[in-house]
Amino acid sequence: MQRPVCLLIWLFLLEAQAFEIPINGNSEFAEYSDLVELAPDKLPFVQENGRHQRSLPEESGEETDTVDPVTLYSYKVQSTITSRVATTTIQSKLVNNSPLPQSVVFDVQIPKGAFISNFTMTVNGMTFTSSIKEKTVGRALYSQARAKGKTAGWVRSRTLDMENFNTEVNIPPGAKVQFELHYQEVKWRKLGSYEHKIHLQPGKLAKHLEVNVWIIEPQGMRFLHVPDTFEGHFQGVPVISKGQQKAHVSFKPTVAQQRKCPNCTETAVNGELVVMYDVNREEKAGELEVFNGYFVHFFAPENLDPIPKNILFVIDVSGSMWGIKMKQTVEAMKTILDDLRTDDQFSVVDFNHNVRTWRNDLVSATKTQIADAKRYIEKIQPSGGTNINEALLRAIFILNEASNMGLLNPDSVSLIILVSDGDPTVGELKLSKIQKNVKQSIQDNISLFSLGIGFDVDYDFLKRLSNENRGIAQRIYGNQDTSSQLKKFYNQVSTPLLRNVQFNYPQASVTDVTQNNFHNYFGGSEIVVAGKFDPSKLTEVQSIITATSANTELVLETLSQMDDLEEFLSKDKHADPDFTKKLWAYLTINQLLAERSLAPTAAIKRKITKTILQMSLDHHIVTPLTAMVIENDAGDERMLADSPPQDHSCCSGALYYGTKVASGPIPSWANPSPTPMSAMLAVGAKPLESTPPTHLNQVENDPHFIIYLPKSKRNICFNIDSEPGKILSLVSDPESGIVVNGQLIGAKRAENGKLSTYFGKLGFYFQKEGMKIEISTETITLSSGSSTSRLSWSDTAHLGNSRVLISVKKEKSVTLTLNKELFFSVLLHRVWRKHPVNVDFLGIYAPPIDKFSPRVHGLLGQFMQEPAIHIFNERPGKEPGKPEASMEVKGHKLTVTRGLQKDYRTDIVFGTDVPCWFVHNSGKGFIDGHYKDYFVPQLYSFLKRP
């Protein structure tokens, strides 16, 4: 199963031919004389003639090193991250202070998946610049240079976690050389944070060593952390400054600080500088950033309950897994099994030339079952060959059978995680046939993730296998760290929060959208979608996201203005104004490369190839189809920078490989029927303006009720004068299983000896649907069984199921629809945050319809069955413009006053005046009993009637 090690090493060897650069004047570098005695390392600036001698008397026979032949004058790295798009420049300057020519290698490591965009080199005054060519054209230019006897170099990078960019030049005595490499990448969110790594390996002490990382995130930064990756040697050297939306990390060790020890001539700068951060997320619909004709959509919702998962672990136990690989895999699996949730189902399939199962069916992740599975795994003894085909088909069969028999939770997700270290040696050996078998057998609701351990496995095959079946592949290095790598990957997929996530951009002027349909969304990660739009036709971009959470269908809407970012970006010189364009190109090219590897016909593959090539040339980046030609102005010195072998997966580091689907409008189920505006029962209070008013009017702040009586076509009003914390029953219908209650909150302080109260929280309980909905001034929470979904008022969203629909209008209202015929509207009233008295509060509107049972009651519910009223003897009141009258209702004769109340459904700030007859003394005589009879103990309690 394993290939010869020598072959593996040979594949990673870097070819190089050194430039012979003629001398062209003396070095112009200043202040490097004090570096002459600094000892060199061998990487990344290796001198082939790095040792020279001084003459001694023949009898002594001694040879000694004198000075460092090549001095590293400066080593600078600059990274700017604008909305996850990172652009990095690595620059180094060296001086040959030797009397002999010196060969210098520029060898730096860049992140896997990054696109090289530019490389320049200045050698003794001669400048080499780069251009992007189609790969065959670039190689032809390189071959021509060699054929004509001109100097040519070959630069190749190797496919490891960090790829190497390598070139070599031969510089004459006294000459200077400067290298500068530019690359760009996208930061992918993993386990709740973004991680930016800069590999620092100057190889020797540098007169000037400086690293700067600027981060600009319009969403604002939630945290920023620079972990110690140099074993405490540079403690306190990184300087961090963080604002709300911007941050700067600098790393500038002095020459003394760079030394491994006080008298050492070796540098301690050899490793990775890591910056970790995350951004704020206020909206579940994500952050839609629009700029310069492109948009990017970042989607990472939180506060959602995990979706139960059905998971099959398929583990290679062939002979090649013997030793550290198997030991580390067992340790990882024991931890992973412990992390399963009680509502998960699982089983284990292990295979060599035979296929075995711990359980033939999925079982619940109870403590007993987990303990038994761990004992089974601990007893595994690797041996034999590798039958990947049958192992995968067995796992698929178990999941398919459970689904067909109705044994799976319909709201769950199904995952297969394959762990293998080699190609098949038993059973079906043809990789394309295995790929076809899996594709034909697997159901659309199953995602396949592949983990390839070491380099013996055909990683390209695993990528195609997973990408085609709604998953991804990842390489795991077979060493002492294998266990933590396996656990880290599992943690990334262990918490599915959404299924069937689709991004829709319904406007006709939105084009070239990247993959917008994803099978799952996992907690701690982020989905990114990008596209183009025509600025001359659109002033804003609309998005509609549909998805399924643990207990409900979900629709999220957002709208972004074109000029939202322009002013923000213009104020920061480090912000990249092309970040939207770069991110769109990065996603598009990577997704096209993955599609190209799966293309079913040669014609489709040629079409995709043409698109990738043109985009690579347009955006000046090195991809598997292009090469970078590096030459001087005269064209008589030339190198070729080639890309690594083609990576058939999408977006290195990304957790998702999706598909493209046509965008559509809001689903029909998420469009509630219009609520009659005239026939509503209302509870609310008059708000203050959202901004500081120039003058304040005296208003009634206690909850006021407006009861519309359709038969008599009259509005009757009353107030409830109670205390904060009390919960009032608004609607209680035990027969229909419907509860609506409201909890009172108080003002910040009393005025004129009276503390005003408001509704700060509303509870809706639909008993037959098993659904509870809590609406506060901060969040909207939907609970169904053990699952909970939360939205904030900053979202525009729809969520629900076949019977209950919740529609949230950003910072305005929530509409609840039951069985498409019963409606409740909740309005949010925001007040000026610094107001000394008032607070945010809620108003509720309910239609007086006959959809409730005769037993319905509550302060609103009792009027669903209209009482007979008779208003007569209208007369002047005690206050001008407020006449009084007598009202007979429910056997009582009351004195009522004509006045105006506010309906805020059409005007949330000022409201619409509604004329009504006001009943005094907290509605006494108009409501049944006393208002204190309507107190209930809990937010979802039914009203107990005497």
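Note: Cβ is positioned from N, Cα and C throughout, glycine not excepted.
Quantities reported herein were computed from a predicted structural model and do not represent experimental measurements.
What Swiss-Prot records for this protein:
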- Ser60: phosphoserine (MOD_RES)
- Asn118: N-linked glycosylation site (CARBOHYD)
- Asn263: N-linked glycosylation site (CARBOHYD)
- Glu282: 4-carboxyglutamate (MOD_RES)
- Glu283: 4-carboxyglutamate (MOD_RES)
- Asn445: N-linked glycosylation site (CARBOHYD)
- Ser466: phosphoserine (MOD_RES)
- Asp702: aspartate 1-(chondroitin 4-sulfate)-ester (MOD_RES)
- Ser886: phosphoserine (MOD_RES)
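Locations of recorded Swiss-Prot features on the structure.
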residue	record	Cβ contacts under 8 Å, 6 or more apart
Asn118	N-linked glycosylation site	Ser130, Glu180, Leu181, His182, His620
Asn263	N-linked glycosylation site	none
Glu282	4-carboxyglutamate	Ser792, Ser794
Glu283	4-carboxyglutamate	Leu556, Thr558, Ser792, Ser794, Asp795
Asn445	N-linked glycosylation site	Ser403, Val413, Ser414
Ser466	phosphoserine	Leu448, Phe449, Ser450, Ile472, Ala473, Tyr657
Ser886	phosphoserine	Ile871, Phe872, Asn873, Lys893, Leu894, Thr895, Val896
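In the three-state DSSP scheme, Glu283 (4-carboxyglutamate) falls into the coil class.
Secondary structure from DSSP puts Ser466 (phosphoserine) in a helix. Secondary structure at Asn263 (N-linked glycosylation site), as computed by DSSP, is coil.
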